[in-house]
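Going by TrEMBL, these are the annotated features:
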- Cys32-Cys186: disulfide bond (DISULFID)
- Cys54-Cys58: disulfide bond (DISULFID)
- 1-25: signal peptide (SIGNAL)
Amino acid sequence: MGVHECPALLLLLFLLLPLGLPVLGSPSRLICDNRVLERYILEAKEAENATMGCAEDCSLSENITVPDTKVNFYAWNRMEVSQQAMEVWQGLAVLSEAILRGQALFVNSSQPSGTLRLHVDKAVSGLRSLTSLLRALGAPKEAISIPDAASAAPLQTFTVDTLWKLFRIYSNFLRGKLKLYTGEACRRGDR
């Protein structure tokens, strides 16, 4: 290793250390570190708070379908981890589609705010990262295939018409079903 590559490696390490993440940690278990999911939850909550008082700039020109984020804890705790994974993957798919649609509507609006645009872009990026982290954990995404989905209860959805409501669903989904599922999957070591 030459003299010039060493400072670049040190710079990368110094950039990663403030995140509080293990630099050499296993990517498949990264989502099991509570700080990782809490970072995404914080970003979602910040977006929700930033859009809470927003009126015209936060209205969407069409209703967007989102997953129902309510959790029946009694039923959830009785589910197999694979059933929980299916609910999370289905919810994540609907939520990702909703955020992407919200982003498209927002970009095409007359006067997109820079701050709001940043929150929407962070949500898109966050959902992509969470999807990758769930794949690395080994969450059985194949559970949402057609044969399995036919035997499962359909995902409950409803529509929203503002960015605030969209971000509230995003925040609730991360704090609810996603956090419950990853906590259980990480405890059991299911990968």
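Just so it is clear, glycine is given a Cβ too, placed from its N, Cα and C backbone atoms.
Since the structure is predicted, the reported quantities are computational estimates derived from the model, not experimental observations.
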Sequence-distant neighbours of Cys32 (disulfide bond) in its chain (C-beta under 8 A, six or more apart): Leu137, Thr182, Cys186
Cβ-Cβ neighbours of Cys186 (disulfide bond) (radius 10 Å): 17
For Cys58 (disulfide bond): intrachain residues, at least 6 apart, with Cβ closer than 8 Å: Thr51, Leu116, Thr162, Leu163, Trp164
